[in-house]
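Read through the structure below, which is laid out as structure tokens, and then see the notes.
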Amino acid sequence: MARKGLVERWKKPKKFKTREYTRCKICGRTHSVYREFGVCRVCFRKMANEGKLPGVRKATW
């Protein structure tokens, strides 16, 4: 319940630019969010394994 309230509050426009912070567009997680994709590492890995991110493939060496 608390996370849902934070996500709703996060969507509102901020009074000052410095108060904005990155959140995952899917789950609302605040830590380890990739700016390029706008999702957190957990959602990124899940989407990459499902093939939903074009051009992203698992590294092998």
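Cβ atoms are placed via backbone N, Cα and C, with glycine included.
Here's what Swiss-Prot has on this protein:
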type	residues	note
BINDING	Cys24, Cys27, Cys40, Cys43	Zn(2+) binding site
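Taking the centre of the Cβ atoms of Cys24, Cys27, Cys40, Cys43 as the Zn(2+) site, the nearby residues of that chain (Cβ within 8 Å, site residues left out) are Lys25, Ile26, Gly28, Arg29, Val33, Val39, Arg41, Val42, Phe44.
Same-chain residues at least 6 positions away in sequence with a Cβ under 8 Å from that of Cys24 (Zn(2+) binding site) are, in sequence order, Thr30, Val33, Gly38, Val39, Cys40, Cys43. Burial estimate for the binding-site residues (Cys27, Cys40, Cys43): highest at Cys40, by number of other CB atoms within 10 Å. DSSP classifies Cys27 (Zn(2+) binding site) as coil under the three-state reduction.
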